[in-house]
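Below is one structure, written out as structure tokens; the observations come after it.
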Amino acid sequence: MSTVVTIPRSVSWKGDAIAVLKQTKLPHSTEYKTLTTIEEVWKSIVMLEVRGAPAIGIVAAFGLALASKKYTTLHIEEFQKKFNRDCNYLGTSRPTAVNLFWAIDRMRESIQEITTIKEAQKILEEEALRIQQEDEAVCRSIGEHALTCFKDGDNILTICNAGSIATARYGTALAPFYIGKEKGVRLHAYACETRPVLQGGRLTTWELKQAGIDVTLITDNTAAHAIQTKEINAIIVGADRIVANGDTANKIGTMNLAILAKYFDIPFYVAAPLSTFDITKQTGAEIVIEERDETEVTKIFGKQVAPVGTTVYNPAFDVTPNKLITGIITEKGIICGDYKREIASLFEKTS
């Protein structure tokens, strides 16, 4: 028996503007913001109004399509110059999320051979829509594959928000919860609150409750105790960048969970599309880790909680070594074991 599941969306194309779900306002209010310039798109990404690697790539693609419609030049060479400038500009918004650069490169390549501005504008809009549509199909496929790792009644721990609002639809790490709901397979999510921005507490709990999926919120430092006492069967997380050997960059605190999974002998899965892989980098040591503003740590909802002037280290991501990962779940299936060989083989088959 199948069930219709309500799944919120984060990015919508309006033809002359982009509507984005302001994730910074959740769960208190559901507000959509209209973006009409490339600068507004950049700021929306930086301010985490749009977040999640696939969603960032989608909004960047739409942002470039939008910007191209505003160029006043009549010459294709000048058009390309302005477009490349905007591509480079958007690339400075979130350096760790590889989907951002994947989407930018795909948009750039789509008009390499185009000779008229009107045709270029048309192709850019079509390509951005295609990126969004493909991501929805990819996320559903990830969910189908991930669901084979779990059984009815499983308790599954996750961190941050790798759900529908971080992608076109369904999400990556949360996709099996949605697909399971559709198919009558009950999965119970345990969501780490995810300091300092609380994506787990604000976003994962919100979207799963919207869909009627069981979710229990825990503080980040409860994870070990929860695994020990709540019969956690597995851990599943998303990814912002996976390199050639399987080392994975994801929200800060992810490696903590991988170490706990190893200690308690439960599976630790990474769920991500092929667009999140960066096979130009051989190990996680090559990944640039974004460091964010100290006020994310020293203030909570605008209120100072640490002495003024306190030194803060606030990396947005950490890198989980491949040896701690049970399997990487992609739209093409689940890879495990010799990640360097399996990832290379996967990309050979898709090239």
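Placement of Cβ uses the backbone N, Cα and C atoms for every residue, glycine included.
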Swiss-Prot substrate site partner of Arg51, Gly52, Ala53, Arg94, Asn250, Lys251, selected from Gln199, Gln210: Gln199
C-alpha spacing of Cys160 (site 'Transition state stabilizer') relative to Arg94 (substrate binding site), in angstrom: 16
Among Arg51, Gly52, Ala53, Gln199, which are recorded as binding-site residues, the nearest neighbour of Asp240 (active site, proton donor) by Cα: Ala53
Nearest recorded site to Cys160 (site 'Transition state stabilizer') by CA-CA distance, among binding-site residues Arg51, Gly52, Asn250, Lys251: Lys251
Near-site residues: substrate, ref Arg51, Gly52, Ala53, Arg94, Gln199, Asn250, Lys251, CB cutoff 8 A to centroid: Ile56, Ala97, Cys160, Asn161, Ala162, Ala166, Gly238, Asp240, Ala316
